[in-house]
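Listed features, source TrEMBL:
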type	residues	note
SIGNAL	1-22	signal peptide
DISULFID	Cys31-Cys69	disulfide bond
DISULFID	Cys42-Cys48	disulfide bond
BINDING	His62, Asp66, His147	Zn(2+) binding site
DISULFID	Cys108-Cys151	disulfide bond
Amino acid sequence: MRLYILFSFLLLAVICSCRVDASQVKFGPLCSGNSSNRKRGCDTKYGCGSYGASRDGGKRKHGGLDIVCADGATVYAPFDVTLNGKAAPYIKNNAINDGINLRGEGLCFKLFYVKPVSYSGSLKKGEKIGTLLPMQTVYPGITSHVHVQMCDKSDPTKYF
C-alpha cells in the first residue's frame, strides 16, 4: 500500500513538472525579414497595431497585436503548435480574409492575413505555417503585418 502511495505521488510530481507556465512563453520569430517580431506602429489612415488601439473613431478597439511582415513573406511557427482550422477575420470575403487557429505552449491564438500551407496537423518551432497575404491590395499604404489574436481576446503583447 505504501509503495502504491509513493508511486502515485511520484507520478503526480512528474505530471505537474511537465505543465507549461504560459506566463513565461515568448513567441519566436513569426515572419521572415522580422526576426525580432517588431510591432506595427501607427499608420495615418489605418490606426495603430497595438492591442486595444482605437478603431472606427473610437467605436471599437483593436483585438490583437500586429507584427510587421511583408506581403508574400513566410510566416513561421513561433514554437511547437497544433493547427486547428481556419480563422477568417472578416465576414465579407477579400484578398486577405484568411488565417489559422493554433495551440501551443499552453496558449490558444489566431494568426490573420496568412494563407496557411495546411489548416490541420502540427508544426515544430520555425517551420513554415504559410505566407502573408497581399495586404496592400486591401489597405494601400498600411504597414503589412500578421495580426496575432488570443482566443480569449486577451492582450498578446506580454508574449512578445
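Placement of Cβ uses the backbone N, Cα and C atoms for every residue, glycine included.
All annotation found in TrEMBL is predicted automatically rather than curated by experts.
For Cys69 (disulfide bond), the Cβ neighbour count at a 10 Å cut-off comes to 28, with all displayed protein chains included. Cys48 (disulfide bond) and His62 (Zn(2+) binding site) are 8 Å apart (CA-CA, integer value). In sequence order, Arg40, Gly49, Ser50, Tyr51, Ala53, Gly63, Gly64, Leu65, Phe112, His145, Val148, Gln149 are the residues of the same chain, not among His62, Asp66, His147, whose CB sits within 8 A of the CB centroid for the Zn(2+) site. Compared over the disulfide-bonded residues Cys31, Cys42, Cys48, Cys108, Cys151, the count of CB atoms lying within 10 A of a residue's CB peaks at Cys31. Distance from the CA of Cys151 (disulfide bond) to the CA of Cys48 (disulfide bond) is 21 Å. Ranking the binding-site residues His62, His147 by how many other Cβ atoms lie within 10 angstroms of each Cβ puts His62 at the bottom.
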